[in-house]
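Input: a single structure, listed below in structure tokens.
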Amino acid sequence: MSNNGVNALPATGDLCDLTIVGGGPTGIFAAFQCGMNNMSCRIIESMPQLGGQLTALYPEKHIYDVAAFNEVQASGLVDSLWTQAGRYNPEVVLNDQAVSFKKLDDGSFVVMSAAGASFRSRALLIAAGLGAFTPRTLPQLGDVSHLEGSSLFYSVTSRNDFEGKRVVIVGGGDSALDWTMGLLPLAERVTVVHRMASFQGHGKTAHEVLDAREDGKIEVHFNTEVASLETSGSCLRRVCTRSKSGHEEVIDADCLLLLIGFKSNLGPIAQWGLELQDNAIVVDNQMKTSVDGLYAAGDIASYPGKLKIIQTGLSDATMAVRHSLSYIKPGEKIRHQFSSVKMAKEKK
């Protein structure tokens, strides 16, 4: 999703009900929930566009486990979320990172940004996903920066990059399997290299990949790692592999797609004095952190039984916004209003 149509406003410093740190699916849906609860809000997003990982890493990936969508492209889901939230005109600050916060004597919060702006709100919600993320690389390849973006990729942002190409995909998780099948109709040839003896991704997709292998449509090399690359300038020529048994093979290739995961880093949020567990923020059943009035939702929130999927993040956002309203208006009975009733009133 580009920021076209997004009301990306400059820092105003005006007091709003809720500041949302993070503009991924959870953060966008939290903004919608604010509108549903007649709350003003702002989103602070460090990237130049909303959508989080869906926009930055997987805009053309298809998603199948979001309610009511049999199949939806990641960028399309972000667009739909923004269409839903945008009707309430939330303030959106792009290309700026929340670096610290201060809780004032009156219970409100001030968030300070990397650009030197200050944002004040009555409550605070962190929906920053996994934090900052960098792709895992293969150290044995050395400096490959000259190949990145031309023949070496860590995600698929445009299928066209691989059309008619001989593609080697490294990995055995969900992303590797999804893109093996996703690029199969476009690429001249797809070869999968995986260091383990079996795939770790979703069973259904794994079977599809193995069936394609049986049909001779793709090659799969288990117990094998990439040992080195043969290149010419910024162009990849061959991928040299070595199996655990010592067998070496040279694969002609135009593109190398490393889908072996990302390293996440909470960044400045890790220094905010919140209770953390496994690089995530501990919350209670109201999505409240160890600081009263400060909430967390989505992948960055940790609680027993948590599943890090989009659907859960949307639920987290709903809970967090709802309970933040109780913090903002202590002692006031918060009544639930069905969306159909609210929308009918808005249309009058």
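Each residue, glycine too, has its Cβ placed from N, Cα and C.
Annotated features in Swiss-Prot:
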type: BINDING; residues: THR26, GLU45, GLN53, TYR58, ALA98, PHE133, ASP299, SER340; note: FAD binding site
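Taking every pair among THR26, GLU45, GLN53, TYR58, ALA98, PHE133, ASP299, SER340, the residues recorded as binding FAD, the greatest CA to CA distance is 38 Å. Neighbours of TYR58 (FAD binding site), defined as other CB atoms within 10 A of its CB across all chains, total 21.
Take the CB of ASP299 (FAD binding site) and look out to 10 A: across all protein chains shown you find 27 other CB atoms.
When the binding-site residues THR26, GLN53, SER340 are scored by other C-beta atoms within 10 Å, THR26 scores highest. Taking the binding-site residues GLU45, ALA98, PHE133 in turn, the residue surrounded by the fewest other Cβ atoms inside 10 Å of its Cβ turns out to be PHE133. In three-state terms derived from DSSP, ALA98 (FAD binding site) belongs to an extended strand segment.
The DSSP secondary structure for PHE133 (FAD binding site) is strand. In the three-state DSSP scheme, SER340 (FAD binding site) falls into the helix class.
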